[in-house]
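Annotated features in TrEMBL:
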- 6-23: transmembrane segment (TRANSMEM)
- 35-54: transmembrane segment (TRANSMEM)
- 60-79: transmembrane segment (TRANSMEM)
- 91-107: transmembrane segment (TRANSMEM)
- 113-130: transmembrane segment (TRANSMEM)
- 142-159: transmembrane segment (TRANSMEM)
- 165-186: transmembrane segment (TRANSMEM)
Amino acid sequence: MSLKVFYSALAIALTFIAYLPYIRSIHDGRTKPHVFSWIIWGMTTLVVGVAQWVDNGGAGSWPIVISGLLTLYVAVLAFTKRGDFSVSRSDWVYFWLAMSSLPLWYLTADPLIAVIILTVVEIFGFMPSFRKAYLLPHEERLSFFMILAVRNGISLLALEHYSLVTILFPLVSGGLCVAFFALVVMRRRELSMP
């Protein structure tokens, strides 16, 4: 097994390690994710994984594709388990921006256009969850986001070709996970103070 495939397998394992307890906590009603964020994340992650594959990302694209599929599953669970389904105008803007990436990729024949759009959408798609985490920081599982931050770093090591197409999304997504973790920790401390 090559080192790239090893890193990919490790990143995939971390993806499942992160998602399985998160999914279980949704089933148990302890976690109530923001449905629209998860729909946006699922679509963006899946399309970026395909773009990485098209740009010869090889084994490094596998964890992103699998993560996209699991993310869409979380969106379905969040919807069926009555997660946070408040949808603002800005949420719709992010959704339609994500949807615009596919025709733009097709029209330009350049996956970088799609990856840039989807990375921006990823940033904005995080905003409803940042807002919810600020208000209700105890409804999120911090381990999930930290494992995904590490997973994104390892998936970068697994890439077989480095370009803006292959590195931009996992780099930014990992950074967002770290920022989300920091926000939740800060808000939990603030709310626990007398």
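Even glycines carry a Cβ here, placed using N, Cα and C.
Among 6-23, 91-107, 113-130, 113-130 has the largest number of CB pairs under 8 A with the transmembrane segment (35-54). Packing against the transmembrane segment (142-159) from elsewhere in the chain are residues 4-8, 10-11, 14-15, 17-19, 21-22, 52, 57-64, 67, 166-167, 170-171, 173-175, 177-178, 180-181, 184-185: each is 6 or more residues past its ends and has a CB under 8 Å from a CB in it.
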